[in-house]
Structure formats: structure tokens, C-alpha cells
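J.: Pulled these from TrEMBL:
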type	residues	note
TRANSMEM	22-42	transmembrane segment
DOMAIN	29-478	domain 'Major facilitator superfamily (MFS) profile'
TRANSMEM	84-103	transmembrane segment
TRANSMEM	115-134	transmembrane segment
TRANSMEM	140-161	transmembrane segment
TRANSMEM	173-191	transmembrane segment
TRANSMEM	203-224	transmembrane segment
TRANSMEM	286-312	transmembrane segment
TRANSMEM	324-345	transmembrane segment
TRANSMEM	382-402	transmembrane segment
TRANSMEM	423-447	transmembrane segment
TRANSMEM	453-474	transmembrane segment
Amino acid sequence: MAGGGFTDAGPLKRAHLYEYKFTWYFFNACIVAALGGSLFGYDLGVSGGVTSMDDFLKEFFPKVYRRKQLHIKETDYCKYDDQILTLFTSSLYFAGLLSTFFASHLTRKRGRRASILVGSVSFFLGGLINAVAINIPMLIIGRIFLGIGIGFGNQAVPLYLSEIAPAKIRGQVNQLFQLTTCLGILIANFINYGTEQIHPWGWRLSLGLAMLPASVMFIGGLFLPETPNSLVEQEKLEEARRVLEKIRGTTNVEAEFSDLVDASNAARAVKHPFRNLLRRKNRPQLIIGALGIPAFQQLTGNNSILFYAPVILQSLGFGSAASLYSSAFTSGALVIAALISMFLVDKFGRRKFFLEAGCEMFFCMIAVAITLKLNFGQDKELSRGVSVFLVFAIWLFVLAYGRSWGPLGWLVPSELFPLETRSAGQSIVVCVNMFFTAVIAQCFLAAMCHLQYGIFILFAALIFLMTCFIYFLLPETKQVPIEEVYLLWENHPFWKTIVREEGEPPIKEKPADAKLDV
């Protein structure tokens, strides 16, 4: 799932001197900014539900509708195999992929708040166009605007949350984006369940309601403060200090403010951050943080299940209303999982969550594949017991993903990149994530048609591979200060011979234990 963010506050050289108190000003800023996650989540939840509604299919995809009606109560892997129908979903993510390049520039030059506002306006326009669409080109144009909105939001909102959060609770605040994404998915599923009963325009209401969170985010964004980090980056030092004092609830911010200024100066000295990523010392961050984790996050298959949960369940013989209700039930697991991750990941560690959940996801996919192999076929109806088991297995799978690859797929990369490559690394992570999201969305229904139950075996194999990837290559980053993460590579049994550049002596120092959440 596309969620999470980047902690770009720089090295915490005087972290033990940082002070903060809870303020409603800080709380309100977090809530408004976190609404960006609800935009992403709402679209994730609403698109699959709309593409399974009869009224929507009759108007735009009559061939799919007729194919569905031939075996409305029977199972059929290929009921929804239509590339234009899947383009309705995937076009958003291709647009989001391209927009991240522009969003990165705007976020850096004009601030995080500017990107939040642009993203909310674009998402509003996309919801409006989709709600009044009369042909497929209008639908795709609307999806492109939605994608641009998500591209800007995913670039700026997580970064905004991380930068205004006190260092000691950054992990929890960072995951507010994941929580609101999950809530958006859940709400969208319940909306689909209601609008599916409204004929013939219920689908228009589902798509048009995307304008509501976008409007709230835009209005709230007008009153958001810019982050101190961004203001320092723009050389507005006095304003940066005033905002820092306000969000920290104290005037004693000298230590943190000095670190922000030092971090900004150090980052400004790096002229080619993308080229820096290719250096040997940054090889682990490039392979694990920028490429591996964001790609594997989508290859778990979870977002395919979220996109097409109603479609999958209808293909398995569920009725239209029953499939929407069941997908709402499974998306509720994401909300529960996000809360589990938010409160426990700093206690148990990132690796344990990755490895434990990976095993659970693997067995869930195998269980689904075996069940379909034994009970699923052309012109067969699934028994009630088998149907309940499938929903429960998918629910357990989503619960495991939602506390591991969902939030940690964004949080862990944010902890790996050194200051001089953090901005470049962020752009690559977002692009890789959006690319694989779009490809999976476009190909999943065709793959399910051709591979049948084998699609779940394929996902199980990929989950096994990515769990091994984590086990052998990712060190534990829990409570390791960001400026000391590079020492993990120097002492890692695999990476230590790779990161050491020619002529550089080995570093034997280990990261000191820290009480600071990063």
C-alpha cells in the first residue's frame, strides 16, 4: 500500500536537549495534514467497488456486464478481464508516478504546504470530472487528475508530518498517514455498500464524494504553518524559529533550531544527491530502501486485493452487495493493523514485524490457493463455509500486511538514507512504489484470468522471497539515531565489505543504544 513518509529533520546532534509540550496547534496541524492519507485511501477503496457495480458497467463497459450476467452466481476467474476497465484504476497511479517529479521540485522550492494545496485542488477536480463523466475518456481524465493529487500528497504530507513531529514521537506521528489511508479505504467500502443500492447513479455519488476530503484538506491547508525545516531551507530563519516555538509549546528550542540550520547547510552543500546514491557507501540504502522495499510492498499482492476486493469476491460467486460488505470487513483489518503497528513497532522492532507478518501472509496465500484449487471452477457455486473461510483468510492476510509491509514499507526507507541523499531517495521510493502499484493494478485481473488460483501461489512465492530479503539484508533500525544508521552497514555481515570505499579503514564502532524514536 502507498502510505508513510520521510523523516528529513537532519542529524539530531543535540537530541537530548530538545524540549516539547503538547499543543493544540501541533495537534490540529497533524490532523489536517494527515487528511492527505484519506485521499489516497478513499480512492483505493472506492475504485474496486465502483468497477463491480452493474450500473457503472452497463454505462461504460457493457461487454463486461454481459459476461458477468451469464454466470452471475457462479464462479468465473475471467468475469472482469478487460484492459480498459483496469486502466480506469491504473491510470491514476501512472499519473501519480509522473507527477512526483514535479511535486518534488515544488515541495523543495515552495514548501510542503504548497504541494498539499496543489494536491487537494487536483484531487477535487478529478472527483468532479469522474462524477459527471459520460464516456471513458472523461473517466480516464478524471483519474489522471486524481493521480496528480495523490502524487503531490504522497510527496508532501508524510514529509510534513515527520518534520513537525517531536523526535521522540516521530514514528507514531509518521504513521498517522497510514492510519488515515486505512480509514479512507474503510469509509469508501461502506459508501460503496450504500451507493450500490442507488440506481442508476449511485456510482457517481461514490466517485464524487472524493471532493469532500479534498475540500477539507484544502481549507485546512490554507491555515497550516509551513514546517520549520522548509522555512530554514528557504532561508526564512526568523519565521522558522517562531513556528518551531509554536509547535513545540516552548521558547527553549535553541538546540533543535541549531540542528535544523546545520542540517540545511550540510544538505545545501551536496550538489548531486542522485549521483551520491550510486556511491558504494550508499549501496544498501539504494538496494533496500529505494528499490527493494517499495517494489516488494506492492508485490505482496495486498493492493490488488484492496483495488479489486469486490471484483475478486464477485468472481468467486459472491453477490454484489455481499462482496462489497465483505471487502469492507477485510479493509477494517487495515485500521486495526495500523493501530497495532503505530503503538508496538518501536517496542518490538521493524525486522520482527516484517518476518512474523511475512510468514503469516505466506500461509494465508497458500491456504487461499489450495481452497480455490479444490472448490473453485467454471459454473460452480462456493459453499457458505468455503466462502466464509476465504474471507477470513483474506482478512488475516490484510491484517498482517497492515502492520508490516504497509506502514514499514515507508517508515524503514525514511530511516536508512543519510541526510545528503534523503531528498533524492524519497523521490525514488515514491516513483518505484507508484510504478509497481500501476503495473499490478493494470495486470492483476488478466493474471487472475490466466493463472487462476496460481496467482495466489505466485504472490506466496514473492512473499517468501521478500521475507528472505529482509532476513538476510536488513539490520534492525529500532531506536538507532539516524546519524548512526550508517554504522549498521559497516558492521553487517553482508554489507560491510560493500560499503567500504577504497582506502577507507573499517569502522568498528557500533551504534550506541538510544532512547530516541526515529
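Positions of Cβ are set from backbone N, Cα and C atoms, glycine also.
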J.: Checking distant contacts: for the transmembrane segment (22-42), what same-chain residues at least six beyond its ends satisfy Cβ-Cβ under 8 A?
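T.: Answer is 2-3, 116, 119-120, 123, 149-150, 153-154, 156-158, 160-161, 164-165, 173, 176-188, 209-210, 213-214, 216-217, 220-221, 223-225, 246-249.
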J.: Take the domain 'Major facilitator superfamily (MFS) profile' (29-478) and average the pLDDT across it for me.
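T.: Mean model confidence (pLDDT) across the domain 'Major facilitator superfamily (MFS) profile' (29-478) is 85.
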J.: Restricting to CB pairs under 8 Å, which listed stretch, 84-103, 140-161, 203-224, 324-345, 453-474, is in contact most with the transmembrane segment (423-447)?
T.: 84-103
